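The feature domain 'Nucleoside phosphorylase' is assigned by TrEMBL to 28-281. For Ser35, His66, Arg86, Phe87, His88, Ala118, Ser222, the entry in TrEMBL reads phosphate binding site. Taken from TrEMBL, the feature purine D-ribonucleoside binding site applies to Glu203, Asn245.
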Amino acid sequence: MHSKDQICHEDYQRTADWLLSQTQHRPKVAIICGSGLGMLADALKCQDSFKYSDIPGFPQSTVKGHAGRLVFGELKGKTCVCMQGRFHMYEGHSLSKVTFPVRVFKLLGVETLMVTNAAGSLADSYNCGDIMIIRDHINFPGLAGLNPLSGPNDDKFGPRFPPMSGVYDKSLRKMAFDICKSMGVSQYVQEGVYCMVGGPNFESIAEAGLLHKLGVDAVGMSTAPEVLVASHCGMRVFGLSLITNKVVKSYEDNESVSHEAVLEVSKMRSETLQALVTELISRMDINNNTA
Ligand SMILES: O=P(O)(O)O[C@H]1O[C@H](CO)[C@@H](O)[C@H]1O
């Protein structure tokens, strides 16, 4: 490690080598669980799990609803690794730390990243409990220069100037829609634009109005950094937001949001999300490797 915030290739490799020495699983898919969505890991069979505090170089989770465990296992015969708990910028982690696991996954051989998050909706037609398939994102911290790809570029991972068009894989989005149709849940499935803000405060009414005018469908405090780093190193990306609250947009509205309410709604849709993610992974064209 060079300085507090600078992580070098050997640091990612050391963590990857440690994990490879501790498990026989060789995942091709990684899943990052959003707030209250850690149950996605429960569906994995033949689990090997590691507390973040036991993994060399791994940051620690500090947010309720983010257990802090890395779980390896199989979903319908496909080998996966699942983060039960992600890292957020507002916890005080540098963006290199927030995205550290993604580069470790790349070195483990992961080819597809599935990100999930809890988010508030701006789109008038969305309801609490809706599932939004992410078509694109607006990365507010990134636009302001807070970007995990800032600093010296590691060419072993990807190019200095990566494109960001078409990052959320079209064929996986279509497959997810088809699955939702066959599951009979299309009435609460949306596709839209996720916006990352820095947090940890929820939005003021004026900020909500701004995001609404910008065409944001859902807002949260995560996801964009992990997606940037995954896409930079050539991973295929798929993302889901669970709409846990409607963002308050009017001064006449006396509602207010809380993290507890976010976790409560996450629980409500856990089975559907688990079924969707499992079916999507089972339909993916992946060849398993073994150690
Ligand atoms: O994005 P995830 O990790 O799902 O968490 C979302 O939920 C928390 C707020 O309740 C914030 O951390 C927000 O980003």
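A Cβ is built for glycine as well, from the same backbone N, Cα and C atoms used for every other residue.
This view paints the features noted in TrEMBL onto the structure.
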{"residue": "Ser35", "record": "phosphate binding site", "DSSP class": "coil"}
{"residue": "His66", "record": "phosphate binding site", "DSSP class": "coil"}
{"residue": "Arg86", "record": "phosphate binding site", "DSSP class": "coil"}
{"residue": "Ala118", "record": "phosphate binding site", "DSSP class": "strand"}
{"residue": "Glu203", "record": "purine D-ribonucleoside binding site", "DSSP class": "coil"}
{"residue": "Ser222", "record": "phosphate binding site", "DSSP class": "coil"}
{"residue": "Asn245", "record": "purine D-ribonucleoside binding site", "DSSP class": "strand"}
Using C-alpha atoms only, work out the spacing between Phe87 (phosphate binding site) and Asn245 (purine D-ribonucleoside binding site) and round it to an integer in Å.
21
Among the binding-site residues listed here (Arg86, His88, Ala118, Ser222), which has the Cα closest to the Cα of Asn245 (purine D-ribonucleoside binding site)?
Ala118
Any idea what the Cα distance is from Ser35 (phosphate binding site) over to Glu203 (purine D-ribonucleoside binding site), rounded to a whole Å?
17
Cβ-centroid neighbours of phosphate site Ser35, His66, Arg86, Phe87, His88, Ala118, Ser222, 8 Å, sequence order:
Gly34, Ser61, Val63, Gly65, Gly85, Asn117, Met221
Glu203 (purine D-ribonucleoside binding site) sits from Arg86 (phosphate binding site) (Cα to Cα, rounded, in Å) at a distance of 21
Widest Cα span across the phosphate binders Ser35, His66, Arg86, Phe87, His88, Ala118, Ser222, in Å?
14
Pop the Cα-Cα gap between Glu203 (purine D-ribonucleoside binding site) and His66 (phosphate binding site) into the table, whole Å please.
22
Kindly state the mean pLDDT of the domain 'Nucleoside phosphorylase' (28-281) in the predicted structure.
96
Ranking the binding-site residues Ser222, Asn245 by other Cβ atoms within 10 Å, which is at the bottom?
Asn245
Set of same-chain residues at least 6 away whose C-beta sits under 8 angstroms from His88 (phosphate binding site):
Val63, Val98, Gly199, Pro200, Met221, Ser222
How many Å separate the Cα atoms of Ala118 (phosphate binding site) and Glu203 (purine D-ribonucleoside binding site)?
15
Only counting partners 6 or more residues apart, tell me which same-chain residues put their Cβ under 8 Å from the Cβ of Glu203 (purine D-ribonucleoside binding site).
Gly120, Val197, Leu211, Val219, Val247, Val248
